[in-house]
Amino acid sequence: MATVQQLVGRWRLVESKGFDEYMKEVGVGMALRKVGAMAKPDCIITSDGKNLSIKTESTLKTTQFSCKLGEKFEETTADGRKTQTVCNFTDGALVQHQEWDGKESTITRKLEDGKLVVVCVMNNVTCTRVYEKVE
């Protein structure tokens with residue numbers, strides 16, 4: 001089973017399925033969805049043992065949040081939503097749960113065959129994005 005430290009590093013997006021549908025379900029407008037679909041971001045995960053930081057970096061936009069596992073915090077998402085978010089590490093996966101305006105979404109990051117697999121779920125819409133480690 002993976003540990004938080006095994007998720008640490010720079011990861012590059014290599015495959016994406018269902019991202020437009022997920023963004024639509026979250027409430028992202030068409031213009032931002034088109035831009036989001038074109039982006040091939042790097043995901044940079046760092047941890048000092050207590051705090052976790054996730055930075056999503058592309059030529060179009062860079063977003064970052066830091067948190068302590070198990071503690072709720074306010075996150076500003078790439079599309080500008082303000083969410084109440086909590087991250088936990090459960091069964092070898094980093095689970096990020098967001099709530100805003102009576103809605104909720106869960107983003108799970110886990111290792112599969114040496115790749116970072118990110119699964120985003122809202123209602124019955126699921127998006128899977130696969131990243132390969134670059135450093």
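Residue positions begin at 1 at the first shown residue.
Even glycines carry a Cβ here, placed using N, Cα and C.
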Here Swiss-Prot annotates motif 'Nuclear localization signal', and of 2-12, 24-34, 35-45 the range meant is 24-34
State which of the following recorded positions has the fewest other Cβ atoms within 10 Å around its Cβ: Lys17, Arg109, Arg129. Lys17
For Cys127 (disulfide bond), which of these recorded positions sit within 10 Å, Cα to Cα: Ala2, Lys17, Tyr22, Arg109? Lys17, Tyr22
(9Z,12Z)-octadecadienoate site shell beyond Arg129, Val130, Tyr131, criterion: Cβ within 8 Å of Cβ centroid: Trp11, Leu13, Val14, Glu15, Ser16, Cys43, Lys115, Leu116, Val117, Val118, Thr128, Glu132
